[in-house]
Amino acid sequence: MYVSRLLLFLAPLLVKGQLSGSVGPLTSVSSKSQTKTCNVLDYGAVADKSTDIGPALSSAWDECADGGVVYIPPGDYAIETWVKLSGGKACAIQLDGIIYRTGTDGGNMIMIEHTSDFEFFSSTSKGAFQGYGYEFHAKGSSDGPRILRLYDVSDFSVHDVALVDSPLFHFSMDTCSNGEVYNMAIRGGNMGGLDGIDVWSTNVWIHDVEVTNKDECVTVKSPSKNILVENIYCNWSGGCAMGSLGTDTDISDIVYRNVYTWKSNQMYMVKSNGGSGTVSNLVLENFIGHGNAYSLDIDSAWSSMSTIEGDGVELKNVTIRNWKGTEADGSQRGPIKVKCASGAPCTDVTVEDFAMWTESGDEQTYVCENAFGDGFCLADGDGTSTFTTTLTASAAPSGYSAPSMDADLETAFGTDSEIPIPTIPTSFYPGATPYSALAGASVSSSQVPAASSSAEAKFVASPATSSPTATSTAISSVDPVSAATTTATSHGHGKSHHKHQCRAHRH
């Protein structure tokens with residue numbers, strides 16, 4: 001079976017909320033390329049940063065969609081007309097060049113739909129999209145295209161590419177299944193509407209990704225099930241989130257683990273305002289934050305969202321575990337806010353090993369409303385009553401100190417000048433080794449399209465507080481194919497204890 005296919009053994013023992021089955025392509029890029037390789041240069045593409053690559057990319061896809069590799073060699077390409085690449089099986093797009101937006105239409109620059117056994121990657125880890133979103137944003141416009149969208153794609157991976165300065169969203173996965181996304185850098189402007197990764201899908205593993213923007217970092221939307229998000233670096237971003245949630249919300253079995261958030265809107269937010277449906281079996285563990293406006297922010301009356309008809313979205317069986325670090329101003333925006341609707345209270349919520357402290361002032365607040373469970377301002381009960389509780393802490397909890405990342409940005413990227421294409425990092429969370437080495441780590445400069453950098457990883461069933469151990473076999477695309485084997489284990493952080501001096505006010 002293909003080496004980039006993630007095999008899940010001991011399935012009955014897997015922790016609830018993790019993946020429900022295998023993820024990733026079914027066949028290797030090496031095998032696909034032996035079937036056929038469609039070099040876009042042979043279909044009219046020119047690496048001159050001005051000739052539209054759109055028609056050549058579409059033609060190459062038509063030739064290789066039923067088995068093969070569409071190869072975009074190193075070089076600078078322009079894209080003026082967007083491409084919708086539909087159908088196909090056992091196919092891949094190997095982006096080793098850089099594609100620069102020159103068109104101005106809305107929509108999606110690249111859309112992949114109704115496809116299975118698919119891989120989108122750079123074998124050098126240097127492939128990128130430059131969206132030049134600042135050309136829209138500097139004029140005050142929030143219009144323009146998105147960069148990459150996958151719709152109804154199964155058994156897939158996206159990795160080792162950078163998505164930069166999209167006029168709108170950078171990357172979305174809509175109604176996809178059995179996917180793996182990793183080793184990516186996403187860099188957008190400092191304004192809303194420039195989402196990093198949005199996913200509403202089933203059985204998807206997103207890991208080892210850095211996002212800079214001012215909106216969603218990695219966000220789960222409805223409907224979604226069995227989404228595992230790990231080793232995420234929100235580096236001056238909007239922060240990770242769930243939502244916005246509306247009518248008939250259906251989200252379950254979601255795990256976020258090892259999330260580092262710096263100078264962002266929040267460390268994690270669940271946002272809704274009215275609506276209906278359920279979010280169940282949510283785990284948020286091993287979070288580190290510094291300088292963020294909000295930390296844990298569950299808000300069922302989010303004022304930035306128009307009110308939707310319904311009693312609210314019900315949250316149940318939610319665990320928040322092992323959060324450390326500091327928030328910008330704990331008296332204005334305390335590190336815990338769990339505000340649930342009276343008609344749809346939150347139940348079975350647990351907050352444990354949570355130690356954060358304010359960077360400004362000498363006190364912070366914890367606010368809970370109609371939220372039932374164990375920890376801090378949560379109330380005992382089954383959700384049949386209503387309440388609001390505010391706790392004020394005037395002493396720092398023990399164990400709140402947490403490491404920072406060397407690559408923390410000193411300032412955000414603006415909206416009126418070009419944003420540089422970054423190098424994909426090799427660290428995404430303090431002390432955690434990425435599950436797969438960068439594809440370009442063992443690739444020579446004499447690059448040819450021959451094989452993938454994807455990796456075989458076998459999950460070992462583990463407690464929810466631990467990250468799975470992955471054994472990765474990286475395959476370079478040098479001809480002849482060569483392999484390098486690395487073993488990577490993601491390390492969790494130990495538990496911390498906290499003591500608070502609090503004043504409680506219940507209404």
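A Cβ is built for glycine as well, from the same backbone N, Cα and C atoms used for every other residue.
Straight from Swiss-Prot, the features:
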- D215: active site, proton donor (ACT_SITE)
- H290: active site (ACT_SITE)
- 492-507: compositional bias 'Basic residues' (COMPBIAS)
- C38-C64: disulfide bond (DISULFID)
- C217-C234: disulfide bond (DISULFID)
- C340-C346: disulfide bond (DISULFID)
- C368-C377: disulfide bond (DISULFID)
- N235: N-linked glycosylation site (CARBOHYD)
- N317: N-linked glycosylation site (CARBOHYD)
- 1-21: signal peptide (SIGNAL)
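Projection of Swiss-Prot feature records onto the structure.
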residue: C38; record: disulfide bond; CB count, 10 Å: 24
residue: C64; record: disulfide bond; CB count, 10 Å: 24
residue: C234; record: disulfide bond; CB count, 10 Å: 30
residue: N235; record: N-linked glycosylation site; CB count, 10 Å: 26
residue: H290; record: active site; CB count, 10 Å: 22
residue: N317; record: N-linked glycosylation site; CB count, 10 Å: 19
residue: C340; record: disulfide bond; CB count, 10 Å: 27
residue: C346; record: disulfide bond; CB count, 10 Å: 28
residue: C368; record: disulfide bond; CB count, 10 Å: 27
residue: C377; record: disulfide bond; CB count, 10 Å: 24
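When the recorded positions N235, H290, N317, C340, C368 are screened for a Cα within 10 A of the Cα of C217 (disulfide bond), the ones that qualify are N235. Around C217 (disulfide bond), taking its Cβ as the centre, 30 other Cβ atoms fall within 10 Å, counting all chains.
Between the CA atoms of C38 (disulfide bond) and C234 (disulfide bond) there is a gap of 36 Å.
Geometry remark: C377 (disulfide bond) versus H290 (active site), CA distance 22 Å. In this structure, the C-alpha atom of the residue listed as 'active site, proton donor' lies 25 angstrom from that of C368 (disulfide bond).
Here the Cβ of D215 (active site, proton donor) has 25 other Cβ atoms within 10 Å, regardless of which shown protein chain they belong to. Annotated pair C234 (disulfide bond) and the residue listed as 'active site', C-alpha to C-alpha distance, rounded: 11 Å. In space, H290 is the closest of the recorded positions H290, N317, C340, C346, C368 to N235 (N-linked glycosylation site), judged by Cα positions. Here the C-alpha separation of C346 (disulfide bond) and C368 (disulfide bond) works out to 10 Å.
Checking each of the recorded positions C64, N317, C340, C368 against H290 (active site) by C-alpha distance, the shortest gap belongs to C368.
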